[in-house]
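Feature annotations, courtesy of TrEMBL:
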- A:His94, A:His132: Fe cation binding site (BINDING)
- A:Cys100, A:Cys103, A:Cys140, A:Cys143: Zn(2+) binding site (BINDING)
Protein chains: 2
Amino acid sequence: MEARIDKIKQQLQAQGYKLTPQREATVFVLLANEDDHLSAEDVFLLVKEKAPEIGLATVYRTLELLHELHVVEKLNFGDGVARYDLRADNSKHHHHHLICTECGSVDEIKEDWLLPLEERLEKEYGFAVDDHRLDFQGICHRCKP
Amino acid sequence: MEARIDKIKQQLQAQGYKLTPQREATVFVLLANEDDHLSAEDVFLLVKEKAPEIGLATVYRTLELLHELHVVEKLNFGDGVARYDLRADNSKHHHHHLICTECGSVDEIKEDWLLPLEERLEKEYGFAVDDHRLDFQGICHRCKP
DNA sequence: TTAATTGCAAATGATTTGCATTTCT
DNA sequence: AGAAATGCAAATCATTTGCAATTAA
């Protein structure tokens, strides 16, 4: 965990960005809630607990910055807010998501199931894939009868 | 084309919704631009050409209604506006999208490549899939060197 | 020192809603 | 007739931006 934080800090500094307490607190919150898909507002409230003086605009700016640095994914599940998800350390691709229409939970599949499809895409459509997004809607194992 | 319109009309009426000229014009525009991914504003402007008295709120309400009836997909490509895409006649699933990061084009793959994955999901994760969404980002054949 | 960053408040832009009026069925 | 649908304007809500004050490097 320390290592992850340090790495992200380094990425910020390597690009010439300052490491402010607000940014540090935001990264910390993201790391501590890695399995959730927090909205900017969610992050704001969590950061506020430790650093009450932070402003919502700063959170938006920080999340946008981390998104540009490819540290977080920015996702939209259609509920009107953007959600932010820490990118896995190793993989360059998005997670796949299992969205339960019963309880609203969002689980993740960390494996990459799409490599064969991407090769086919390249051959049949001449499309060079950089990234992808795969979400499933349905009923999760917890809600099933 | 006539058949598609009639079918959609029937779906509306079957659920007890009225078939107003505004709804008809909106469906017509969607059908005539099936390969695009129009925003509500786009649809509004196109409908306005034939039916100038229509209001933007009505377009939003109609698109929402068609979405509930599963006649159109509502998509969000992360540019801040919802986009609407007529659902294929036969398939119950979303199209797959090829989003070019160079020219911004959005192409569609009409085949469903995910059935094998969905079976695996059911077995390994206990997740019962109703629908899915698969988008690829990359460079399209037109922009490739 | 000094360019980057922050917090706040105001601005923006997409979408939604209240309501009086009109229109399908 | 009567419920459903419309157009307009006002309201809402997420996100962005201008700016003067602060702060990390």
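Glycine is no exception: its Cβ is also placed from the backbone N, Cα and C atoms.
Annotations in TrEMBL come from automatic prediction, not curation.
Remember, predicted model here, so these are calculated numbers, not experimental data.
Overlay of TrEMBL feature records on the structure.
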residue  : record                 : DSSP class
A:His94  : Fe cation binding site : coil
A:Cys100 : Zn(2+) binding site    : strand
A:His132 : Fe cation binding site : strand
A:Cys140 : Zn(2+) binding site    : coil
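What surrounds the Zn(2+) site, by Cβ distance within 8 Å of the Cβ centroid and not counting A:Cys100, A:Cys103, A:Cys140, A:Cys143, is the set A:Thr101, A:Glu102, A:Gly104, A:Ser105, A:Ile139, A:His141, A:Arg142, A:Lys144 from the same chain. Those binding-site residues from A:Cys103, A:His132, A:Cys140 lying by chain B, with Cβ under 8 Å from one of its Cβ atoms, are A:His132, A:Cys140. Each of the binding-site residues A:Cys100, A:Cys103 was scored by other CB atoms within 10 A of its CB, and the lowest score goes to A:Cys103.
Here A:Cys143 (Zn(2+) binding site) comes close to A:Cys100, A:Glu102, A:Cys103: these same-chain residues lie at least six apart in sequence, with C-beta atoms under 8 angstroms from its C-beta. A simple way to gauge crowding: the CB of A:Cys140 (Zn(2+) binding site) has 21 other CB atoms within 10 angstroms, across all the protein chains here. Here A:His94 (Fe cation binding site) is positioned 20 angstrom away from A:Cys140 (Zn(2+) binding site), judged by their C-alpha atoms. With a 10 A radius on its CB, A:His94 (Fe cation binding site) counts 21 other CB atoms from all the protein chains.
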